[in-house]
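Here is what Swiss-Prot says about this protein:
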SIGNAL    1-25  signal peptide
BINDING   D285, D287, Q289  Ca(2+) 1 binding site
BINDING   D366, E405, D413, E415, E418  Ca(2+) 2 binding site
BINDING   H370, H374, E394  Zn(2+) binding site
ACT_SITE  E371  active site
BINDING   E405, N411, D413, E418  Ca(2+) 3 binding site
BINDING   Y421, T422, V425, D428  Ca(2+) 4 binding site
ACT_SITE  H459  active site, proton donor
Amino acid sequence: MNKRAMLGAIGLAFGLMAWPFGASAKGKSMVWNEQWKTPSFVSGSLLGRCSQELVYRYLDQEKNTFQLGGQARERLSLIGNKLDELGHTVMRFEQAIAASLCMGAVLVAHVNDGELSSLSGTLIPNLDKRTLKTEAAISIQQAEMIAKQDVADRVTKERPAAEEGKPTRLVIYPDEETPRLAYEVNVRFLTPVPGNWIYMIDAADGKVLNKWNQMDEAKPGGAQPVAGTSTVGVGRGVLGDQKYINTTYSSYYGYYYLQDNTRGSGIFTYDGRNRTVLPGSLWADGDNQFFASYDAAAVDAHYYAGVVYDYYKNVHGRLSYDGSNAAIRSTVHYGRGYNNAFWNGSQMVYGDGDGQTFLPFSGGIDVVGHELTHAVTDYTAGLVYQNESGAINEAMSDIFGTLVEFYANRNPDWEIGEDIYTPGVAGDALRSMSDPAKYGDPDHYSKRYTGTQDNGGVHTNSGIINKAAYLLSQGGVHYGVSVTGIGRDKMGKIFYRALVYYLTPTSNFSQLRAACVQAAADLYGSTSQEVNSVKQAFNAVGVY
């Protein structure tokens with residue numbers, strides 16, 4: 001089996017370069033979007049006495065730079081406003097015109113001590129000056145039929161059993177140089193193979209402008225929670241190690257369930273019974289001892305979900321993947337010999353593997369951490385799973401999956417999936433953060449994959465960012481560039497802050513660099529070794 005899931009981008013931000021501010025922000029730092037000729041990352045002391053209105057005022061003041069084509073308050077809608085862990089106010093805005101949101105055009109504003117300190121994200125310039133149609137010529141139903149037919153013809157080769165996905169909506173899609181009115185259609189299905197496809201359908205003529213699979217992969221006698229008493233059971237995982245797990249005893253049913261009531265809104269583990277219907281049945285046992293071989297995948301999925309919850313809570317102050325203590329649900333024994341695991345947008349799903357290429361996927365703690373980090377990304381930056389933004393999405397999951405493994409101190413290393421991949425081959429893994437080239441992945445931007453396979457190389461080009469993260473943590477010399485390591489903890493803090501507070505759906509590698517530099521400055525000071533090490537690490541992999 002090919003180790004990379006064969007999953008192609010919205011090019012809001014292509015090559016970036018440093019650019020000076022206008023007179024009103026003299027001497028500040030800016031990263032420039034070469035495609036749209038507008039800023040994608042701005043930092044420094046911008047304006048004081050900040051509020052939503054101040055952000056609008058600054059953008060209007062810099063109208064020749066941002067080229068919004070109208071008043072900022074008419075083009076940007078506030079969609080989020082919160083305080084972060086450092087006491088900074090973080091506001092998220094979406095660009096819209098004629099009530100249609102602009103796909104991926106999100107702006108994040110940071111306020112520190114009452115002063116606007118940074119803007120990140122890329123906006124589409126001069127929409128009011130373009131011949132942009134704002135009324136659709138085809139209906140929602142027609143757009144949905146076109147997307148479903150394309151799935152049947154080109155993806156599954158048969159009509160899939162579609163599930164309810166995100167509602168179809170009209171958006172402004174930045175199709176190369178000409179933004180277009182388009183329908184965003186979500187086609188979600190589990191058979192014949194799982195998929196969570198996003199389609200951009202031209203609202204004028206029904207043409208498929210773009211499509212990608214947003215399925216984030218690694219490569220009581222029912223589904224409802226039960227009322228009962230919290231207990232602790234014991235069992236054996238996929239690799240034969242014993243674990244204590246939080247369960248719930250229902251006196252009504254007389255069974256112990258894999259339902260952990262001690263963390264957030266609960267952790268629930270289900271038995272898929274080798275079918276493809278989710279979530280399956282809440283796992284039940286008669287004596288609270290889970291030592292049967294069939295139990296092993298469930299023991300690990302349940303236990304490791306708790307470890308991931310604890311990592312994000314204790315290290316980053318994050319309560320579950322959504323930040324609001326959402327329940328974590330996992331299904332094991334999905335399908336027969338299914339060689340993958342995925343986050344489907346609402347829960348975790350683990351295949352059993354075929355016993356040769358893979359063991360049950362829940363047996364790898366870094367795999368569980370990887371997949372649940374996709375959920376964190378969904379609720380924060382929302383990185384589009386295609387091209388560079390998709391590779392960042394994958395790299396974030398590799399980074400935090402690895403950090404979870406170190407946090408739990410379960411034979412930690414810088415390999416991905418080594419515990420469950422090719423059980424008959426020692427020393428093998430899906431990917432390596434320390435040496436991406438070991439498994440054929442690029443370790444420098446000059447070696448990046450530029451084709452369309454794997455959604456534009458999301459599982460391949462992630463190696464570039466993985467190497468940067470490894471160098472930032474451990475240090476070393478790479479392509480002649482010396483990097484001073486700052487340790488895993490600080491590296492994780494920097495990448496987490498970049499993910500949650502600076503990245504936007506279409507961020508590319510250069511924007512990630514700028515976000516990590518700013519995150520390090522926020523945490524450790526603008527003249528700190530940490531900031532210098534971030535720059536060194538990205539220099540070493542050719543990302544500027």
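Including glycine, each Cβ sits where the backbone N, Cα and C put it.
Feature map: Swiss-Prot annotations on the structure.
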residue : record                : contacts (Cβ under 8 Å, 6+ apart)
D287    : Ca(2+) 1 binding site : Y256
Q289    : Ca(2+) 1 binding site : G233, V234, G235
D366    : Ca(2+) 2 binding site : D398, G401, T402, V404, E405, I416, G417, E418, D419
D413    : Ca(2+) 2 binding site : T402, E405
E415    : Ca(2+) 2 binding site : A429, L430, R431, S432, M433, S434
T422    : Ca(2+) 4 binding site : Q356, T357, F358, D428
For the Ca(2+) 1 site built from D285, D287, Q289, further residues of that chain with CB within 8 A of the site's CB center: G233, Y256, G286, N288, F290, F291
Those recorded positions listed as D285, E371, E394, E418, D428, and which of them has the most Cβ atoms within 10 Å of its own Cβ: E394
From binding-site residues D285, N411, Y421, V425, the one whose Cα lies nearest H374 (Zn(2+) binding site): Y421
Of the recorded positions listed as D285, N411, V425, H459, the one whose CA lies nearest the CA of E394 (Zn(2+) binding site): H459
Fewest-neighbour residue among binding-site residues, criterion Cβ within 10 Å, set H370, H374, E405, N411: N411
Number of Cβ atoms other than its own within 10 Å, given for Y421 (Ca(2+) 4 binding site): 24
C-alpha spacing of N411 (Ca(2+) 3 binding site) relative to the residue listed as 'active site, proton donor', in angstrom: 24
Rounded inter-Cα distance in Å - V425 (Ca(2+) 4 binding site), N411 (Ca(2+) 3 binding site): 17
Env. residues of Ca(2+) 2 site, Cβ within 8 Å of mean position of D366, E405, D413, E415, E418 Cβ: G364, T402, N411, P412, W414, I416, G417, D419, A429
Check: same-chain CB within 8 A of Ca(2+) 3 site center, minus E405, N411, D413, E418: I365, D366, T402, R410, P412, W414, E415, D419
Number of Cβ atoms other than its own within 10 Å, given for the residue listed as 'active site, proton donor': 28
Additional residues surrounding Ca(2+) 4, by Cβ distance to the Y421, T422, V425, D428 centre under 8 Å: T357, E418, P423, G424, A426, G427, A429
Reduced DSSP assignment, Q289 (Ca(2+) 1 binding site): strand
For Y421 (Ca(2+) 4 binding site), the three-state class that DSSP assigns: strand
